[in-house]
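Asks: Residues or ranges marked as region 'Disordered' by TrEMBL: 1-24, 37-75, 95-120, 255-275. Annotation comment: TrEMBL describes 49-60 as compositional bias 'Basic residues'. TrEMBL lists 95-107 with the feature compositional bias 'Basic and acidic residues'. Taken from TrEMBL, the feature domain 'EF-hand' applies to 138-173.
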Amino acid sequence: MEKHEGEAKDENKEKLKKKLSPEEALARIQMEKIEEERLNQVFHVISSKSKKPSKKKKKKDEKDEEDDEDKMITPADLILLMNDMMKKINQRIEETKNECRPGEKQWKQGATGGGKDFDSKEDVFKKNQVQTPIKYKLSKSDAELMVWEVDDDADGKVSKEEFIKMYKRCKDDKNGLEPRKLFNLAYFLMFKPEYTGFVTEEDTLELLFVRYSRAHLDDEINAIFGDERSPIGNDDFVEREISFPEYIKKVNERAMKERKERKEAKKKRDDELMQ
């Protein structure tokens, strides 16, 4: 059977990687400009969480990123970031619930003959996408594990160099073997570095496009947000968005599914060889 051009290229890449040292192979992994920019922004955001602002005045043309080479991500940074993000998520949910109060009034008016806009109170809240507060806490041991998984020099911290290497390894990982706890957090934040705890479909488009190309863009978007849209009218749709805890749940479910598929494919190949 003739091999597909893309498969042949991937096979040649794998053969070349086997001849290179791990460091050489890592150096060959390219990042697009937007990936580099967003990754630098995310490192700065995380590594600054537990650090006190410098009193030293900066020049007008001096960027925060210039100081990041000396910064480190610690477990404390990750815990503070997660606590801050969850606070923003639940504040947003509470605000959304308050905005939906008029909808409940609409339902009551309709139910008493003032023009039935909804069949039930549940329809009002479903229409407005009300959520209950999300409980999600990063424990000290989980934060330490996130750091340990990518801490090449075992100093209990993640340097900018280690952070970039982590991203490259996971980006190039076709078999799901690389630890991804910190990568999953970083990638979510890369969609929207001014972190709010939520990302919309529009937030993800540019980064997903440069990483997966137009051919796979829709598949990647649907893997994050689901296949269905939520209608709010005859021709209108609510813009899809997802919170960090929901995103992590979907990422983990997808990883388990892909791991199972790879295992089944390997078993099938082994069985064919035995025949």
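Glycine is treated like the rest: Cβ placed from N, Cα and C.
Would you situate these features in the structure and describe their surroundings?
Replies: Same-chain residues lying 6+ beyond the ends of the domain 'EF-hand' (138-173) with a Cβ under 8 Å from its Cβ atoms: 26, 29, 31, 35, 39, 43, 47, 68-69, 71-76, 78-79, 82-83, 179-183, 185-186, 211.
Within the chain carrying the region 'Disordered' (255-275), a Cβ under 8 angstroms from the stretch's Cβ atoms is held by residues 175-176, 180, all 6 or more beyond its ends.
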